[in-house]
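Undergrad: This is the structure, below, for whatever I ask next.
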Amino acid sequence: MGERLLESKKDHQHGEILTQVPDDMLKKKTPRVKSCGEVSVGHASLNRHHRADTGHKPYEYQEYGQKPYKCTYCKKAFSDLPYFRTHEWAHTGGKPYDCEECGKSFISRSSIRRHRIMHSGDGPYKCNFCGKALMCLSLYLIHKRTHTGEKPYECKQCGKAFSHSGSLRIHERTHTGEKPYECSECGKAFHSSTCLHAHKITHTGEKPYECKQCGKAFVSFNSVRYHERTHTGEKPYECKQCGKAFRSASHLRTHGRTHTGEKPYECKQCGKAFGCASSVKIHERTHTGEKPCSSNTSKGQGEKIA
């Protein structure tokens, strides 16, 4: 009762009210910027972060209670752009943030951040193959499929199968041509948020993921995780047919084709088919006359592709 909830300053010349959250209100508890999920300790960092997140300027002229962002579906109005976007996605079913681990999609950055904790490797469900621990049973079952090769989700268009529904959903966009993730720098569009994120780094040159062993930096979490296995010698993906082990699920899949005879990569020039993408690229040079850079092909380097 009688508590000062909002500090307001009247601009008599323009007849508008300038608002700012008061210091004593922010000190009551650890503040949270809900538009992006980032937590800030202290009112100063919260104010700075909120302005960076929303684009608002300190003491910006704005009519008190103004809500310029109106939902086209239910006409609900919002004063904050991130809240407005998240609300509209609730109507459209849009979930623009994809988890790289399991393919599950989320409506906001804060939601996917919370979800990623589930993949942290600290949980009660331990994988018998590689020892990784998962937070919940559903994630454990999805993870286990990377070892067993089980792919229960099949594309109705081409019959290609996937280990989880999120991957199938992204794959189906290759048939529909849907590319909902657009780069703000160059306008290039992508099938998934993961591809967009990897592309954006080509503009910035940023490599945020660093190897704890040698300090080498990478553009994606999956890349640094694969690289770290070169230090540990870990090869958690084992072929059921011959027992050969690999550092990544993709290498196991490629190897598996030597047993099944599957050759999904076809030369555009002559139609010859291959078991892996690198083999078809090498073959295509016989048509183009292109020669690989000699500096990358010194004696004793490289690996023969079977």
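Cβ from N, Cα, C; glycine included.
According to Swiss-Prot, the protein carries these features:
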- TYR209: phosphotyrosine (MOD_RES)
- 287-306: region 'Disordered' (REGION)
- 31-53: zinc finger (ZN_FING)
- 69-91: zinc finger (ZN_FING)
- 97-119: zinc finger (ZN_FING)
- 125-147: zinc finger (ZN_FING)
- 153-175: zinc finger (ZN_FING)
- 181-203: zinc finger (ZN_FING)
- 209-231: zinc finger (ZN_FING)
- 237-259: zinc finger (ZN_FING)
- 265-287: zinc finger (ZN_FING)
Undergrad: Summarise the zinc finger (125-147) by DSSP state, stating how many residues are helix, strand and coil.
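TA: Counting residues by DSSP class gives 11 helix, 4 strand, 8 coil.
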Undergrad: Looking only at the zinc finger (209-231), report the model's average pLDDT.
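TA: Per the prediction, mean pLDDT sits at 87 for the zinc finger (209-231).
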Undergrad: Hey, what's the Cβ neighbour count for the residue listed as 'phosphotyrosine' at 10 Å?
TA: 16
Undergrad: For a three-state summary based on DSSP, what are the helix, strand and coil counts in the zinc finger (209-231)?
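TA: Helix (H, G, I), strand (E, B), coil: 11 helix, 4 strand, 8 coil.
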